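Asks: Sharing the features that TrEMBL gives for it:
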type	residues	note
ACT_SITE	Arg18	active site
ACT_SITE	Asn36	active site
DOMAIN	3-90	domain 'Acylphosphatase-like'
Amino acid sequence: MDRYGLIVEGRVQGVGFRAFVEQIGHRHNMTGTVRNLTNGNVQVEVQGEKKAFAMFMSDLKQGNHFSHITAIQTEELDVKKDERRFRIVY
């Protein structure tokens, strides 16, 4: 099990992107959070198996119909063993 922190840049706020990320998190049995940042980017923390993370990233990079991703920064984080679901943080 691995956990990653992502910063997604581009047109990712006001376009349903957080709900999209939550949906693909559930689809790939990942746990974590997604939130808007004040600078217009979106922060994602995602946790799961390596293969599931690869599929999550593939879907994430495609975005939804309204978003446009220009960059994704990725870093490894410590696993949160007590986390049980993927959710939007407001």
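Using the three backbone atoms N, Cα and C, a Cβ is placed for every residue, glycine included.
Owing to the predicted nature of the structure, the values given are computational and were not obtained by experimental measurement.
Mind mapping these onto the model and telling me what they sit next to?
Replies: Residues within less than 8 Å, Cβ to Cβ, of Arg18 (active site) and separated from it by at least 6 positions along the same chain comprise Val34, Arg35, Asn36, Val42, Ile88.
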Asks: Restricting to the domain 'Acylphosphatase-like' (3-90), report the mean pLDDT as a whole number.
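Replies: Taking every residue of the domain 'Acylphosphatase-like' (3-90) together, the mean pLDDT is 98.
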